[in-house]
Structures are given as C-alpha cells and as structure tokens.
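These came from Swiss-Prot, pasted as-is:
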type	residues	note
DISULFID	CYS158-CYS221	disulfide bond
DISULFID	CYS260-CYS317	disulfide bond
DOMAIN	242-333	domain 'Ig-like C1-type'
CARBOHYD	ASN98	N-linked glycosylation site
CARBOHYD	ASN163	N-linked glycosylation site
CARBOHYD	ASN199	N-linked glycosylation site
LIPID	SER369	GPI-anchor amidated serine
REGION	57-148	region 'Alpha-1'
REGION	149-240	region 'Alpha-2'
REGION	241-337	region 'Alpha-3'
REGION	332-352	region 'Disordered'
SIGNAL	1-32	signal peptide
Amino acid sequence: MLLSRNLRALAAIHLWIVYLLLEDLLGTCAEGDNQRLVASAPYQDIEITLEKPRVQAVAEPHTLRYDLMALSLEVPGLPQFLTLRYFDDEPFLPYKKNSSITDSQEPRIKDHLRAETWGRETDDLQEEEEQLKGMLAEITAQNGQNTDLHILQATFGCELQRNGSTRGFWKLGYDGQNFLTFDQKTLTWTVDGPSTQKNKTFWKTRAPRADLVKTFLDDICPAQLQRYLASLRNGLLNTGFPKVIVTFRNYPVGRITLTCRAFRLYTRVATLTWLQYRKPVQQKTFGSETILPSGDGTYQAWVSIRVLPGQESQFSCNLKHGNHNINEPAATEAPVYGARREQPPTSGVGSRVGKSLWSAMTTALVVISWTLSQKLMGPLLWFCSGGFCSFLQCW
C-alpha cells in the first residue's frame, strides 16, 4: 500500500509538471473566477510599508497570480519546491528549490524594476518556501503520513478590474484536491468538499492568518500589480512599433482572401479595421479573451476579408493600438493570380514552435499517463482543474 500511494503521488506530480510546461510555453485560456490554486506569501507577521494603490479606471483588467508547489519528499529529477508567477497569464520569475537562480521570463518587467524591488521579490520566494514546507510537514505529521509522498499547492493573487477596483483570491490544495478557500468578504477560510468537524478545525487552524491574508490581498498584491503594470508602460519602447502585414491568396470560388496581421502588440486590446476607399467596411476589436500571445511578452491579432479579383488596391487595413494608428495598403504591386501566396511566418516564440511543441508535449503527456497507469497502477482517469490534478483508478 505504501508503494502504491507513492507511485500515485509521483504520477500526479509528473502530470502537474507537464501541465505547467504547457501553460508556460503555449499560454493559458481564460478561466472562471479564481479557479487556480495558489499559495503562500505572508504566513507570518510582516510590516506593511506599501501604500494602497489609487483607484483608477483601466482599459482592460490585469491579474497577478502566484502558483506554488511543495513536495514532502525528495524525488529525483523534480524540484522539491516550485513557484511560478503570472502577470496577465504570462509566466515570469520562476523559482525552484534546487536552483539558486531566480530569473525573469519577462525581461521587460525585470529591466524596469528597481534592483531593490527585484531583490525583495526573490527574498519573498525563499520565505514562502519555508512557510509552505512547514505547513506541509505539520499536515503529514498530524496524519501519520511522514513516509509517503504528498503535495501541498497554493494559488493566490489579485485582479485589477476595469473600474479600478481590485479583488483577491487565495486557495490551498493537498494531493491534487482543493481543501481551503479564503472568503475575502467574510475574512474566513472554508473547507472545500465534505469533511468532519474535526478535519475542518484541523485545516482551518493550519491556514494562514486571516488578517495577514487580507493585508496581502487588499494592499500588497495590488501594489505589486501596479508596479508591474507601470514597469510595462515604461518599457513599451523595448517592443518597438507594432507591425502590420497584409497578405492575399486566391479563393476557390473567384474571390481573393485578404488577411491583415498585427504583431508586437504590447497590451491585449487592439482594433483592426478593413477600409475600402478609406471607408470602414469591416472592424474587429480584440480583447483579453480573443487576442493571441506571441510567446515573447507581446500579442498578435488578425482579420480576413474576401474581395473580387482586381479590387485589392481599393482596400487597406487600419490598426488602432494604444497611441498607434497604422494604415497598411492591401496591395503594393499587381497580384499574381492562379497561385496561392505563401503567408509570412508568424513572429514570436510561441508561434514558431507552437505546433511542434504542442505535439511534443501532448505526446509526453500521453506517454507519462500511459506508462505510469499501465505499468504501475492500471488504467487511470485524469482530471485537472486550476492547476490541481486528481485521478480515479479504473478497475
């Protein structure tokens, strides 16, 4: 039984690591309110020196999220502690227990934060590690699970909404299952799922103090989010001007498909408009749920229209993005009909490796699941939600 439990926990860890890799490199989809597990930050008394951000309306919501994971035992090839931070679902500042290096995957953020601010962020990760490890040790000792492999996960953060207000979220998970959620309105912890009163009391007494969590969600996290947002605004010149490209190809029924692609978008809001004789005929506005990440911290979007052969010169594409207003003609030379024009390669790391990476990572996921389930535990059904994965064994 001990071996079986360890193997099951190890399988859950491998799947969770694969999930993180997919999310980091391919981007994530928008989920419902606070569906991710996050953990740690101020488990102990701290002195608050940050001013509460001034309420100010924004064009689009922004999110700062922390994902943490701690293992009760050392597993070869896996970090015993892992932290990932996300700004608007873009990963940056990974931290692993077995590595003394903490580096940003989003250089625009690091380059424009003061050195002392960046150092404080790194120090916080080490404190969070100790707090999460201590909580995990206490839980396993209380339940007599010291010799088994167990996982404690946490997810917390805050969202800056369009009206300038903020809301926070904080969840804890154990062995792939949600077990504690913080209610920001009542300032209490709730135990997820059915549980005895004794278990509820046990979990609640091990949770971070409500007053410290409130301070983090109401003050510290929004202030950090505002700093990251300001650093991106100050670093917009690093992205260069947005780039607009128009391509065309023959359509089988006597039409030409014009495609307008916009690259190097530094926020998740943009509007693309097709103009005929400088008058709008088709317009699409992209937001956080429809714009595409390029994989390098910028975004991209595209829109197509079908026209009659010979009309290409009548059309142009207009991009409105921040302070930029760019017009690109649909045709600068006579098109060659009868042959499909090759589309230019999409810029950005994510687009260059997206298909091959998705194939490789999907294969890895299948191999891991199949190998572990068939050779070690029998058929399994996997369920993943908000970064937490659980499984049912099929007999």
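Even glycines carry a Cβ here, placed using N, Cα and C.
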With CYS260 (disulfide bond) as the reference Cα, tell me which of the recorded positions CYS158, ASN163, ASN199, CYS221 is the closest one.
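Closest candidate to CYS260 (disulfide bond), judged by Cα separation, is ASN163.
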Of ASN199, CYS221, CYS317, which is closest to ASN163 (N-linked glycosylation site) if I measure between C-alpha atoms? They're all recorded positions.
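Result for ASN163 (N-linked glycosylation site): the nearest of the recorded positions is CYS221.
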Of the recorded positions CYS158, ASN199, CYS221, which one has its Cα closest to the Cα of CYS317 (disulfide bond)?
CYS158
Whole-number Å only: compute the distance from the Cα of CYS158 (disulfide bond) to the Cα of ASN199 (N-linked glycosylation site).
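Checking the Cα atoms of CYS158 (disulfide bond) and ASN199 (N-linked glycosylation site) gives a distance of 28 Å.
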Would you list the DSSP helix, strand and coil counts for the residues of the domain 'Ig-like C1-type' (242-333)?
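Residue counts in helix, strand and coil order: 3 helix, 59 strand, 30 coil.
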How many whole Å apart are the CA atoms of ASN199 (N-linked glycosylation site) and CYS221 (disulfide bond)?
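For ASN199 (N-linked glycosylation site) versus CYS221 (disulfide bond), the Cα atoms are 30 Å apart.
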Among the glycosylation sites ASN163, ASN199, point out the residue whose Cβ has the most other Cβ atoms within 10 Å, with all shown protein chains included in the count.
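Its Cβ has the most other Cβ atoms within 10 Å: ASN199.
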To what whole number does the mean pLDDT across the region 'Alpha-1' (57-148) round?
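When the pLDDT values over the region 'Alpha-1' (57-148) are averaged, the result is 70.
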